[in-house]
């Protein structure tokens, strides 16, 4: 683009230099938000505060998978995206879902699609007030486009939420809980629509807060939750049955011999367990897909290997669970014995490694793997002792079961550790206080006074480079860069960076410094955030330099020229490519803000050339940016690294989310037509 402006457009080299400097300075806004958001969430992890959120979700949802998906990925996804954005949701929420027993790949894809409905309004509206800054719109115009975007997103939230939830739930699950799902979707979509009538900063944050509160209250009371939906334990047991059958050779003679050996050792038979653990229907196809994508997980085989484990399963206070959650002790013993026999033949399965990885250490969200079973926390303790015994000795299935029974003696300690997160209400309130403080500070800084300089400034002249000023309300500015009229502004208190994330993170580290492990320090969150930003900074800076080069120059700006001639060649057919342009921008940059900075001016020029409503055309651009965000390479790479599933190529994520992108394209374009011609 630099060469194009030099050779074809013939722009002054000094002006191009100033534009490049402006692009570098513009990159400070998304980088500051990204850095500070990761400092905040890493501070929650270092101070052992994040486990309290996971424990609260676990207790609130009562192990109901529909409630977990809608509360964590939908409502909490809206909250984190509305407050911070820039990839913090994919880095923080899928690990909670994995700790609750859900598969990693499907959880990440589901979150990427779900948060796209709030992406344009995320990070306290930065995609609007910052992303549309090249249009130089008034506050009223920004509110107007926010209303249109919120209306379209509210209508699309219902099909998009259902499409994304299908990665973790079956249609039978969703039909059985249609009331809960519908109310949870509305709890996020409607507040965003109502708030957009007054502000372009508040909708994302307000929809997340009310969505979490209302969805959590409904999940706690069991409103609209069907008791016939199988829990994660039932699905895992069904996967275990399928894996055991495949390992034993199906119904052939080798499998029969192994089953007879298991029965001879006191194990019983391999009868269907899933039908006795919370319902057998609903999502067997989905379960097989989930099992095929992830590593084999043996988590629940020892749930009922002892009378005490069975009693704990039957007496677990799972609201909404039917009496069918009993597990046959003999069948579970037979399954475990058969799996152990197969382990002796083919080596220790991947489940052993997974169990060892879940020991108390970095990345563990609940103590001693207590989050690994939705029915009874004794499962993990028994599983570990059983698998450890299998790896240590060459004994038969009966020996393994004997060791598992011995491990049951310490199961109450695991239960006590898990319950301790919720037993001390005062400590729980203290651990959740950083979230409340972060939200309050964000809401308190959404005032126009902090967005622009108040005129009381400290000025530093840098001669031919320009003038640098700092106002009393901490707005940093470069005026008249290279003395050719190019300006840059950074509202330090308005941008969601120093406030609320850095300030809240420092307060959290100070308040819970006693909870920081010995091998970590208060500087670790800053070091981790620096490493994260170091990897993405070149791409963000390069993207913002390109944006500045494209939008600067008035009628000679490349965006203006492209928009003019595309609308000239395509005519009204430009409407069909408007949304994909926005999607391409966010696909490469990972940000709706950057996509809007790049193509918003192009969309406005095309609308004026065709005689269409410019606000509606820019709305299509913003919706396209949301569609591209769910397949953005940067979001996929960040979430994949956090989840430890680097073995799954990026193309699998794009392929999984592509139907939702197509739905955005068709529905968004059709919904925009009445506004385009108004």
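Quick reminder: no glycine exception, Cβ is built from N, Cα and C everywhere.
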TrEMBL annotation (transmembrane segment) - matching range among 493-512, 513-532: 493-512
Selected stretch (most C-beta pairs under 8 A with the transmembrane segment (574-602)) from 108-130, 142-165, 204-229: 108-130
Interface present between the transmembrane segment (20-44) and the transmembrane segment (533-554) (three or more C-beta pairs under 8 A): yes
Segment proximity, the transmembrane segment (493-512) to the transmembrane segment (177-198), 3 or more C-beta pairs under 8 Å: no
Positions whose Cβ lies under 8 angstroms from the transmembrane segment (142-165), at least six residues beyond its ends: 66, 69-70, 73-74, 109-111, 113-114, 116-118, 120-121, 125, 128-129, 132, 174, 181-182, 185, 188-190, 192-193, 195-200, 203, 615-616, 618-619, 622-623, 626, 659-660, 663-664, 667-668, 671-672, 675
Other parts of the chain folded back onto the transmembrane segment (614-637), taken as Cβ under 8 Å at six or more residues beyond its ends: 87, 90, 112-113, 115-117, 119-120, 127-128, 131-132, 135, 141, 144-145, 148-149, 152-153, 536, 539, 575, 578-592, 595-596, 599-600, 603-604, 606-608, 650, 653-654, 657-658, 660-661, 664-665, 668-669, 672, 675-676, 678
Long-range environment of the transmembrane segment (20-44) - Cβ separation under 8 angstroms, sequence gap at least 6: 2, 50, 53, 84-88, 91-92, 123, 126, 130, 434, 438, 478, 481-482, 486-488, 490, 495-498, 500-502, 504-506, 508-509, 524-526, 528-530, 532-533, 536-537, 540-541, 543-549, 552, 591, 593-594, 597
